[in-house]
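These notes concern the structure reproduced below.
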Amino acid sequence: MPSSLLWAVDVYGRVYTLSTAGQCWELCKDAHLEFKRLTSVQQCCWGIAGDHQVYLYVHSSDVPIRYQEETYENQRWNPVDRFCEKLLPSDRWQWSDVTGLKHQPLDSFRLPSEHWEWEADWYVDENIDGEPTEKGGWTYAIDFPATYTKDKKWNSCVRRRRWIRYRRYKSRDTWAKIPSQDDGPLPDPFSDISAGGWEITDEPRGRLSLWAVSLQGKMWYREGIHHHNPEGSMWTEVTTPGEVVQISCGPSDLVWAVLWEGQLLVREGISRENPKGSSWVVVDSPSTEVGAIHVAVGINVVWAVTKDRKVWFRRGINSHNPCGTGWIGMVGEMVMVNVGLNDQVWGISCEDRAVYIRQGVTSSELSGKTWRAIAVARDDDRSRSGSANSLASAGCFFSGEVRVQSQSSVMNDAESSSETERSQAAQSTSLTHADAMKRRIPKVTSDSFISELVSDKERKPDRDGRDGQTPSIQEDGAPQEQASADQETSVELLPQSSGQQGARDPKWSNVDLEEAQPPLPAAASDTTETSSLSSVATYNLGMEEQYGVDEHPLWAWVSGGGCAMDSHTHLNWFSASTGVSSSVQSMSLSITPAQTAAWRKQIFEQLSERSKREMENFKHYEQAIEQSVWVKKGNMQWWRDWKPNKWIDVRFALEQFSGTDGNRDGILFIYYTFNDEKKYLHAFINEITVLVPVLNDTKHTFAIYTPERTKQRWPIWLTAATEQEMHDWLALLNLSCCDSRGIHGAPCKQAIWSTTCKGDIYVCEPAPNLEAVPYPLPCDQMFWRQIGGHLRLVESNSLGIVWGIGYDHTAWVYTGGYGGGFSQGLGSSTDNIHTQTDVKSVYIYENQRWNPVTGYSSRGLPTDRYMWSDVSGLQECTKASTKPPSPQWTWVSDWCIDYNTSGGTDREGWQYAADFPATYHGYKTMKDFVRRRRWARKCKITTTGPWLEVPPIALWDLTILPCSSQSSVEEVSLWGISNKGDVLCRIGVTQQSPAGTSWLHVGTDQPFKSISIGGGYQVWAIARDGSTFYRGSVSAQNPAGDCWYHIPSPPRQKLKQVSVGRTSVYVVDENSNLWYRQGLTPSYPQGSSWEHISNNVRRVSVGPLDQVWIIADKVQGSHSLSCGTVCHRVGVQPMEPKGQSWDYGIGGGWEHITIRGNSQEAPRIVMPVPAENTLEKKGRVAEEGGEGGGRTASISSVLCIKEEELNGNAVSC
């Protein structure tokens, strides 16, 4: 889990952050303002400063925040002027939006605020749906509005083209003031603010809900906050049934507020279409005697604080019941509480103003177990540079009492004994002062302001007439009775002690004009003080530090909305020096680093001497080699090979033996009974090629492959009684297979990496003859071993740099270890193994059919699919019956409608079609009689593996520069595509630092989805609309290149993936066709045309020697048909770059493979080229030579497979 930040404000208005990987509070950058309230999320933080204005702090990132402005230029044809800007009166504007209803000339676009800047000038978009238009970017139609095409026809009477301009948000890592309303400033300043709503059901990524409360008790909502516009667009008032004093917004659809009278409000009706909600529900205070003053909400929790500082927990909170069922009193007294990610809770204690964290918070125990103080120091170098007059604004708004200790009141531990009598004479005064300081807790939050104004406690009498001793002021002391509005106020400065007049600068006073207090006499310790909201706050402006050396900061507000942690997160927040006893500190300080190094050296020499002495005593003995047989047995179930296929009980035995040469081998035996006759099935350990765990919600199954079983597409299926038993057998078998082949330790740098559709990671050590010509090593004899972790794809190169991407788009880098997951003991390295998490969505479909009586309903025809089914419609899947993929996965969300389904959806998530199954679209027509919508639910897996997370940008695709193992490249080029479609180039990637240092953003005109870099720094990419691009001028000196060149795609095809080798470029289109780019030369690296190679291809990988490997679908075996099969292109040579035929390997269920790390040159033997495969026919599809140009249709298909349904027992996706 990457580090994240906890935000806090101290009583002096200074903002601090505490990293989950750090051990000290750091003063926020650009901390020239004093803040009262903060609300943070992972990407930014909002705050209210002393000037009552709202400020935004956006974290810096390697990916810029860009927003695309667009407008359309419209023209109509007439016989005189041809196409011109002269339009009919009924036509749209000459410059308009895409609908034509809004007038948008180029000069009408303005930057939203001073925090934005234009990237470049306006330019014409010359692409339409991935296809290049004629020069000028015009698209033609019969009339407005209509369907536009790039081709000009005889009846094209109108045309339009799109103009694009990007603006960039430039205020990063600084507090940016949010502009007021366009029609003037807000009617009154803000007093509270809360951000959340980023997890509202299927809310687009980057969306945010920001709620605010003004001093007059009004509630406001910030419109238009999303990733491309972090500061939003405008404030909208939300009506409330009373005056609101505080509000809290959770990550999802929970919004609670506190009324002035102490009651609470709950917002209902919050949804994707209506993030502001529809109505309010009043909830009584947790205590009938005192009202609530503070509330904090999360995903499934609500915490509250009443006026007596008691903490309460609301039970029964969920998405269907945002009001909950009742209150539970919790231990502790807090000024305020805050709920962050994973429903983690923070609070500020009344007693010592320290930040506390609620420990033991889990999904099953949301209330946690206990409070624990965060005891870490401050960053002294930065905190001491803070302004001492930071209460100038806070004193006018916050209540409570602020005391600043002067330098004369701090006793020095190094004073000489000659001053003992003087210190004894002032002992009584000092003790009185010490007692007072314990009770003198500053309260300067707006929360305290609310508590004072709505407090129902008796008010304390005035302090007039007291002696010169420092008065003892209670923490909860109420302010004096407020003067009437017409009462005359007076302002006086506090007198200074005579001994310091003239020696120190005069003190400034902060005056509340509502009520003035009489001057207080200076105490013996010269401590200045303020009372509550209506008192005078005075302190020395020249002081550099408000806290003593051993004092922890006094906190006023804390926000953990962007702090990602859970009950298993290791934190260094509780081992600071402030919490260590003086004896332990003195002991640790007495041991110097030199002494520690000397001790280590002495111990090492003693151990080396003993080891040498013991080894010499046994030199004359021969090495003992054990010749033994070891057997492990167990009971399992086996999916028998013949029909009717079913699970039968078997005895499973692994017999291992070691020979005189020390090598170990073994045999697997499966004993079963058939027709009352005992039989057995066996497999040699050295013939097993892969062990695959099969995810199933009812059985703990794994598959065993051998070369013969791989050809049959029918492995040995076994299921264990428990998940742990299955993992034990897999670990033992995997270790035995590695021992028999002599494979130990981490994978080599030339290894071939792959992933399955279930997220398992496999690696293969390539043999020297893997790419031999003409007789390479058959793919079905390759041995694959599993590496711990869970990833969607893996990419590597021959220098040992390996990166991966999870299903949640998190990037991971390989650490050099091996094992992890179910591997234990000798099968896993002791170091470089880390915890890894991954999140993915499980989908089910709701299907409906239209009838004339009820319209669309769940009553279908007898031949229809299930009304709740999977994507194929063949398997019934309801919300209640659908389980996580395996017991290792746990649900982390509820079922919700998925609006991001391919093909688009309407406002309710429905897709329409004429019948099942068909092509679905997101709008209803007269011919649509069926519809469906997709429901999604997220689940999470936690495992271990040799992977470290590379925060903070989520990736969709990545590629690493292929090179030879002897290459002397100082910095390896690594490119990636973010999940938002931004193209990135990683800086600082080396063998010593494979994770790199930072991302360099590469500008694009549209989002991308696939990228690949080949030999000679050739960078090819595919946009989300299926178009192809080539990046020019990329080199080691210019890693980001200069510009993009558009490459025409194959006719009528949209591409989805690209892979570039040394001299070859292959792409896969959305119809699973594999294409080869012809005509690539050093002088013309874009090539000339596309040639069709094969069909039924899911993914392709081209290596540094132009090797071609694919993941193929519908591969026929002797027993079944498999999807997701590893295939190798045979016969690839410099004079035959397209190869000759396919060799089928392991499968199915494989999702991704990368051959880009294997740069081993195989020995070549000059022999006659074998006869060409009769099943393979070659064809070439040339690009269009112009309008109406002819084209040759492809007739090749190396995977000539019969079109038949997948066998239900095959290993499929």
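Cβ coordinates are placed from backbone N, Cα and C, and glycine is handled just like the others.
According to TrEMBL, the compositional bias 'Polar residues' annotation covers 408-432 (among others).
The compositional bias 'Basic and acidic residues' annotation in TrEMBL covers 454-467.
The annotation compositional bias 'Polar residues' is assigned in TrEMBL to 481-501 (among others).
Helix, strand and coil content of the domain 'Peroxin/Ferlin' (64-125), in residues and according to DSSP, is 3 helix, 24 strand, 35 coil. Feature annotation from TrEMBL assigns domain 'Peroxin/Ferlin' to 64-125 (among others).
Within the same chain, residues 58, 64-77, 83, 91-92, 99-100, 106, 109, 111, 115-126, 128, 131, 230-231, 1005, 1187 sit at least 6 positions outside the domain 'Peroxin/Ferlin' (137-170) and bring their C-beta atoms closer than 8 Å to a C-beta of that stretch. Marked as domain 'Peroxin/Ferlin' by TrEMBL: 137-170 (among others).
Residues or ranges marked as domain 'PH' in TrEMBL: 630-740. Broken down with DSSP, the domain 'PH' (630-740) shows 27 helix, 57 strand, 27 coil.
TrEMBL lists 837-898 (among others) with the feature domain 'Peroxin/Ferlin'. Residue counts for the domain 'Peroxin/Ferlin' (837-898) under DSSP, split into helix (H, G, I), strand (E, B) and coil, are 0 helix, 26 strand, 36 coil.
Among residues of the same chain six or more beyond the domain 'Peroxin/Ferlin' (909-942), those with a C-beta under 8 A of the stretch's C-beta atoms are 202, 759, 790, 835-850, 856, 864-865, 872-873, 879, 882, 884-885, 888-899, 901, 903. Annotation comment: TrEMBL describes 909-942 (among others) as domain 'Peroxin/Ferlin'.
What TrEMBL records for 408-507 is region 'Disordered'.
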Task = Using DSSP, break the domain 'Peroxin/Ferlin' (909-942) down into helix, strand and coil residues and give each count.
result = 0 helix, 18 strand, 16 coil
Inquiry  = Let's see if you can do this one: DSSP helix, strand and coil counts over the domain 'Peroxin/Ferlin' (137-170), in that order.
reply    = 0 helix, 16 strand, 18 coil
